[in-house]
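Per TrEMBL, the feature domain 'Major facilitator superfamily (MFS) profile' maps to 1-189. For 27-52, 119-138, 150-171, the entry in TrEMBL reads transmembrane segment.
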Amino acid sequence: SQYIQKFINETWLERYGSVLHQETLTLLWSFIVSIYCAGGMTGCLCSGYLTAKYGKKKCLLFSDVVLIIATLNTGFSRRAKSFEMILIGRFLEGISAGINMNAHVQYAGEISPKKLRGFVNVTSSVFLALGKAVARILGLRDLLGTEDTWNVLLSFSGLVALIQLLFLPFFPESPPYLLLQKGDKAGCL
């Protein structure tokens, strides 16, 4: 947080020739942190409509594209000298997370065999905890938690989205979506 706050202050100083007051800096930092949750709520609210209209698989692919755009914003914010790009990126990351948390559980449960359905549905929680642990480890000062690499750390989730974007098209569409929304009984079977 200290590196991003320093970046905001330096950017403001370069643009306007004055240093931000500590209260304003804290407000901007709080907004950067909390806008992720606002995006998450937006993504959660949209996920039901998106999964019903386009299917869970396409919804997950869309979410991956949004996350890649978000991580490009956060990753290049330093080069562009724009803390606003971090705000946009964090909001888009929240939207992606909100969509993913709903669509992933539904999709994984619907395409998995009956014997493995419970196990597959638990993987969402396991990978969420694993992701938090990996983020904490990567955020250590010895790895990516430095002044030179904080923007790389913020954009690291784009790698996971890229992997899913590459491999998800080879997975089947959700059988309930094919049957109920598309009327494709053969595809469902």
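Each Cβ is built from the backbone N, Cα and C atoms, and glycine gets one as well.
For the transmembrane segment (27-52), the residues of the chain that approach it from at least six positions outside its boundaries are 1, 4-5, 8, 20, 59, 62-63, 83, 86-87, 90-103, 106, 177, 181, judged by C-beta separation under 8 angstroms. Within its own chain, the transmembrane segment (150-171) is flanked in space by residues 3-4, 7, 57, 60-61, 63-65, 67-68, 70-72, 74-78, 86, 89, 93, 96, 111, 131, 135, 138-139, 144, which lie at least six positions past its ends and keep a Cβ under 8 Å from the stretch.
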